[in-house]
Amino acid sequence: MCRKQPFLLPTLLGILAALMLQQGPVEAFGGSRLCKTGFLEDVYHASVYRSVHEGQPLLNVMFTDCGTDRRIQYETSNPTDFRIDGDGIVFASRTFDISPEQAEFLVYAQDEDTRELWHVTVKITLRPPHEHHSHQGFHKVREIKFSTQRNSNGLQRQKRDWVIPPINVPENARGTFPQELVRIRSDRDKNLSLRYSVTGPGADQPPIGVFIINPIGGQLSVTKPLDREQIANFHLRAHAVDVNGNQVENPIDIVINVIDMNDNRPEFLHQIWNGSIPEGSKPGTYVMTVTAIDGDDPKQPNGMLRYKILSQTPAISSPNMFTINNETGDIITLAAGLDREKVQRYTLIIQATDMEGNPTYGLSNTATAVIAVTDVNDNPPEFTAMTFYGEVPENRVDVVVANLTVTDKDQPHTPAWNAVYRIVGGDGTGRFAIKTDANSNDGLVTVVKPIDYETKSTYILTVVAENQVDLIRGIQFKPESTATVSVTVIDVNENPYFTPNPKLIRQEEGLFASKMLTTFSAQDPDRYMQQTIRYSKLSDPANWLKIDPVNGLITTTAVLDRESMYVKNNMYNATFLATDSGIPPMSGTGTLQIYLLDINDNAPYVYPQEVEICERPDPNAINITALDADINPNSGPFIFELPYSPMDIKNWTVTRLSGDHAQLSLKIGSLDYGIYNIPIHITDSGNPAMSNTSYLRVKVCSCEHEYCSTTAPIIGTGLGTGAIIAILLCIIILLTLVLMFVVWMKRRDKERQAKQLLIDPEDDVRDNILKYDEEGGGEEDQDYDLSQLQQPDTMEPDTIKPVGIRRMDERPIHAEPQYPIRSAAPHPGDIGDFINEGLKAADNDPTAPPYDSLLVFDYEGSGSTAGSLSSLNSSSSGGEQDYDYLNDWGPRFKKLADMYGGSDD
């Protein structure tokens, strides 16, 4: 009994069922015969209704390659009506009614590598319209047997393993589950009670329970829809055991392939694709590749994609500017006319469709391709003017004299737009250069070498503008790419300059003052300004020279001396200044170098000038050298001689060793301790020669191990005049300082005594604490003790004052120093009259304000942070105040109340 199956299931599971209907199925797959490549049936049958729809599956033809993994391609003999996919499923190519003539056709299978060809016949049985059969076009469920064979001895031997064709199950199957796929049985089930089972992924391994088997009947079923994108195939093993669990058959392998269905829509890797192409590209130029993927089997039509362009925006130059390879997704140009100046960007809508691009039953998706038209140098730069003007002061460098402006239609800030300027004429000496401003693309004409107005006052430059990249082929430069620059040089006051500078002259030393040396003159480059030049001395270290301010004549002011400290390597340098009369005046410097020729003006002298020898010298000779400030030929070789005096000079002799060296030898064996001054007469080789007698100071000392240990007393020596004068000056200065100190001390004592005589003991406050809280006793200007003024020398001592009366600022009571008695005071009457007259005059003075009068202060402004101190103001009239409250103060204030109450009394 057959249960209802999905529409393709019986066909996919009927591989062996068809074989078992034929004679000897075992011979086809078992026994000694090997697997044969080809269709599993000679004729395939399908039962369908007359009317079919495009894409409707009709049946499945099975082809086996015996596991050799051949690449098989299928085709029908009537592709107009029927087509076949890579899994062997036959579909209707169009919607039509099948005629009897169309009900039979051939299916071809060809090896793509060897081109070997197989074919099989397909016969379609037309069903009546009222018939409803759940197994349309399919056979009954396949049955797979565990087959054995007995030999002549009655022993069983296992047959060779079967090659079981795969079981194909479509994914996403609908219907009632579980759905039976195949039946597994053994020939021994007639005699034994067997139990069947399956193992492997999908059965007892994850995912567990996808496939189940009836342990008694052997029906293998699938329990749920399959998804090829998750698992494309399952490898199971079928087992047969008896009720005791003993294996009665060897396991057989079962492969279940999940047949792909078109359940995945193509997906582009990017929703927006960006590409670029240079403008002016020829048709057929590659732009970019767009790619989409499909989750379905890429080897089947479900996963085979086809591309096409749905739209192009904008449709300028050509509505079909681009095309796409429908299989690879390569976008190429189809038409000419790409111009960035017209269209900078194209937007394409790309569609990818599976089922090999079938628009009816294929799934599709879209993406956007943005193609930027990149710039090429197809527009030369053009100057905005034919002539540009500029001016520059002479002798200025790194100055921009003119701005050159150009226009370029190419894309800004690209090599095709960036301008490069060149000077092609009018600047033979290379005094100008043109730099490009990176932002504005302007050309900056710059002076790179000084320009002399007196040499050339106007420059006419010819310049051209180009780009960083060459123009594309076929584009020529225009006349507007060349321009003229007129540069005017402005005359400025320039520095005078000496020529030659430095100036070298040769002169013998010893030239006296007021002698002319040379003329050192300067020139003014501003020959059109008619200016005068004046000269002055800038540097003359030895102050030997002066220069005439008008004509530059240099004369000496002192004797030139080659041996001066200011002369280096016989050369003396002086610097002079030349200043013109321009506004502002400009100046330049020049150096005069005087090479001084030597004359014999320096006598030679002995070196060293002091030596030490032992009293018994060994050797008894002293090496000496003659030095001369002059140079050859006015120096060596020298002549060394000893004079005839003093007498002890006879103990010595001198012998010349070379032109500059000699040896002073002692004729006797020893000398007494002391210091000996040996005169040596030396003559140079100058013409005329110069000679000099210099003294060699020889110190004779006691020696230990050939070194002096003690110094002998000085013989015939004493203090020099300079030393004696210095000692006397020191003594005089010391005595003067002592005398000045004594005088200052005496004067200070006298001043101290004079101060003590003038100080009154009563007024000597010093550092005592003053007490100022005594009040009363009348006015101090009237209450005074006249007796103190009359006889100050007879005032009472402090001891007779009452206790508590003595002021704190008075001296404490102790013995006071005795001072000389002052002269007698004037007559007391005179002092009293003087004081009384002054007091009377003060009292009668009408201009003197009384102490209790209202003081008037100057107005110092408002806004004091301390506020106003005059909070009580006088009323302008008596009626403005109410003084009735004074009557409530009692009888004591009655008089005050009467005064302010306005009473008539």
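From the backbone N, Cα and C atoms, a Cβ is placed for every residue, glycine too.
For 1-28, the entry in Swiss-Prot reads signal peptide, with the evidence type sequence analysis. Among the features that Swiss-Prot reports, domain 'Cadherin 1' is placed at 161-268, with the record citing sequence analysis. Residues or ranges marked as topological domain 'Extracellular' in Swiss-Prot: 161-723. Residues annotated as N-linked glycosylation site in Swiss-Prot: Asn191, Asn274, Asn326, Asn403, Asn573, Asn623, Asn651, Asn692. According to Swiss-Prot, the Ca(2+) 3 binding site annotation covers Asn262, Asn264, Asp294, Asn302, Asp354, on the basis of similarity to another entry. Residues or ranges marked as domain 'Cadherin 3' in Swiss-Prot (evidence: sequence analysis): 384-498. As annotated by Swiss-Prot, domain 'Cadherin 4' applies to 499-604. Taken from Swiss-Prot, the feature compositional bias 'Low complexity' covers 862-879.
Cβ-based crowding with a 10 Å cutoff singles out Asn302 as the top-ranked of the recorded positions Asn274, Asn302, Asn623, Asn692.
With a cut-off of 8 Å between CB atoms and residues at least 6 apart in sequence, the same chain places Pro502, Ser539, Pro541, Thr591, Leu592, Gln593, Ile594 near Asn573 (N-linked glycosylation site), listed in sequence order.
The residues near the Ca(2+) 3 site, meaning same-chain residues not in Asn262, Asn264, Asp294, Asn302, Asp354 whose C-beta sits within 8 angstroms of the mean position of the site's C-beta atoms, are Asp260, Asp263, Arg265, Pro266, Gly295, Asp296, Asp297, Pro301, Gly303, Met355, Gly362, Leu363, in sequence order. When the binding-site residues Asp294, Asp354 are compared by the number of other CB atoms within 10 angstroms of each CB, Asp294 has the fewest. Each of the recorded positions Asn262, Asn264, Asn403 was scored by the other Cβ atoms within 10 Å of its Cβ; the lowest score goes to Asn403.
Checked against Asn692 (N-linked glycosylation site) by C-alpha proximity, the recorded positions Asn274, Asp294, Asn302, Asp354, Asn403 yield Asn403 as the nearest.
Nearest to Asn274 (N-linked glycosylation site) in space, judged by Cα atoms and limited to the recorded positions Asn262, Asp354, Asn403, is Asp354. Taken residue by residue, the domain 'Cadherin 1' (161-268) breaks down under DSSP into 4 helix, 48 strand, 56 coil. Listed glycosylation sites: Asn191, Asn651; maximum Cβ neighbour count within 10 Å falls on Asn651. According to DSSP, Asp294 (Ca(2+) 3 binding site) sits in a coil region rather than a helix or strand. Listed in sequence order, the residues of the same chain lying 6 or more apart from Asn326 (N-linked glycosylation site) and placing their CB within less than 8 Å of its CB are Arg306, Tyr307, Lys308, Gly357.
Per-class residue totals from DSSP over the domain 'Cadherin 3' (384-498), listed helix then strand then coil: 3 helix, 53 strand, 59 coil.
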